[in-house]
Amino acid sequence: LTFPLLSVTFLVSFGSSMLYGYNLAVVNSPAVHIKAFYNATWSRRYGHGLASGSLTLLYSLTVSIFALGGLVGSLLVGMLVERYGRNGALSRSSLLVLLAGGFMGFSRELGSPEMVIVGRCLMGLHSGICLSVVPLYLGEIAPKNLRGFLGLIPSIFICLGVFFAQVLSLPELLGEERFWPLFLSVVVIPASLQLLLLHCFPESPRYLLIERNDICGATKALHRFLGTPDVQDLIKEMKEEQRSLSSVEMVSVWQLLQDHSVHWQTLSVVVMNAGMQLSGIDAIWFYTNTIFENTGIPVSQIPYTTVGTGAIEVVAGLLGCFTIEKLGRRPLIITGFCTMGICSAGITVSLLLQNTLPWMRYVGITCVVGIIAGFCMGPAGVSFLMTAELFTQSHRPAAYIVGGSLNWLCNFTIGFIFPFLQMSTGAFCYLVFCGVCLLVALYIYLVVPETKNKTFMEISHVFA
């Protein structure tokens with residue numbers, strides 16, 4: 001583990017992955033202020049305020065447009081990484097954050113709710129790109145014995161992003177009504193740092209050699225990242241993969257879906273990425289305050305309770321990062337989904353019984369924390385890491401497009417329909433999430449092999 005390898009991992013995790021986590025949670029606390037701004041603007045324009053249903057719909061769009069932007073971003077990943085490389089795609093995507101921060105930061109001054117929605121969409125576009133490119137980049141520059149450790153660092157920063165959003169939302173910091181545009185736009189700071197520093201690090205050696213046939217550039221990149229002149233074994237392994245792919249061009253999404261030789265890998269990516277969002281984790285992040293209010297926590301205490309859950313997220317992410325190379329990928333992701341499923345059922349029970357048994361509200365809080373901890377310990381990072389590990393170079397970008405698209409499509413679905421699902425089914429909506437989590441855990445147990453300490457070619461042979 002060299003300083004350049006660790007530095008670039010922290011840089012892209014801080015400048016990209018953390019912003020995804022931040023934007024998942026940033027709309028939770030200022031919801032009341034943003035709705036008030038929408039209502040006041042509507043009154044100034046049309047002489048009357050928005051009806052309750054229309055205001056809920058407009059705010060749901062503000063929350064979920066982030067996922068639609070992410071969906072578009074994930075569809076662009078293949079083109080961007082092929083044209084600009086992994087490092088280049090991340091650098092260019094930082095410009096989207098600067099633009100989005102400007103839109104959201106000046107929206108109130110210009111009296112434009114549309115700028116908030118456009119800014120959220122641009123942030124989603126950035127996250128859709130980075131959520132796939134960061135694990136792709138790190139998976140290709142890391143030695144096989146460090147792939148798990150480095151691959152989970154972005155998931156820790158996703159948890160940190162959520163935690164920072166929760167901390168900044170406290171009334172003592174940016175939680176007051178006058179600060180919400182600044183609260184939405186502080187994302188420009190990490191993005192600016194990444195934009196300034198990322199060019200100091202080399203491109204992915206595997207991209208340079210296998211896709212660009214630049215052996216000299218790949219050798220220099222390996223020297224820089226690994227800190228050793230002896231990289232011939234890795235060059236040999238990459239050339240072997242290049243030879244095996246010499247008759248295969250970079251496959252498209254349609255070709256990937258039609259390729260029966262990677263049928264089970266593709267299905268596994270679909271199940272893990274769709275299951276990760278349909279597990280209900282985004283409902284927890286987007287609507288934390290509402291969920292805690294339903295469990296009976298006093299409104300004045302909710303921001304501090306939320307910060308406590310954020311701290312547990314970070315601890316769970318660290319636990320997953322430091323145990324993945326010992327326990328392996330499968331145990332972590334199966335344990336994570338099982339924990340989330342059981343806790344989702346626990347929330348339903350606590351909401352149904354809290355009127356007759358007041359202490360059940362604490363069970364509900366514990367279950368919310370359990371869902372977040374289970375997600376951060378396993379599915380948050382392992383799903384993206386395994387997408388890189390299950391495919392060879394020719395299929396990997398297309399696999400990230402498929403996984404990323406499903407991830408964001410399900411993210412949008414949950415973010416948009418959860419308020420209405422909650423109104424129509426009440427406490428029973430969490431049983432849907434329970435069923436999804438347990439079915440995904442069963443699939444992974446039966447189908448997905450362990451990939452720890454295996455080369456990409458070895459993993460491909462296991463599936464074959």
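Keep in mind that glycine also has a Cβ here, set from the backbone N, Cα and C atoms.
Some features that TrEMBL has for this protein:
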type: DOMAIN; residues: 9-452; note: domain 'Major facilitator superfamily (MFS) profile'
type: TRANSMEM; residues: 57-81; note: transmembrane segment
type: TRANSMEM; residues: 93-111; note: transmembrane segment
type: TRANSMEM; residues: 117-137; note: transmembrane segment
type: TRANSMEM; residues: 149-168; note: transmembrane segment
type: TRANSMEM; residues: 180-201; note: transmembrane segment
type: TRANSMEM; residues: 332-353; note: transmembrane segment
type: TRANSMEM; residues: 359-386; note: transmembrane segment
type: TRANSMEM; residues: 398-421; note: transmembrane segment
type: TRANSMEM; residues: 427-448; note: transmembrane segment
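Here the domain 'Major facilitator superfamily (MFS) profile' (9-452) has a mean pLDDT of 85 out of 100. Note: the stretches the transmembrane segment (427-448) and the transmembrane segment (332-353) are in contact (3+ CB pairs below 8 A, sequence gap of 6 or more). When Cβ-Cβ distances below 8 Å are used as the criterion, the transmembrane segment (180-201) is approached by residues 4, 7-8, 11-12, 14-16, 18-19, 22-23, 26-27, 29-30, 33-34, 37, 87, 90-91, 94-95, 97-98, 100-102, 104-109, 116, 119, 123, 126, 168-169, 174, 224 of the same chain, each at least six residues removed from its ends. Between the transmembrane segment (398-421) and the listed ranges 57-81, 149-168, 332-353, 359-386, the one holding the most Cβ pairs under 8 Å is 57-81.
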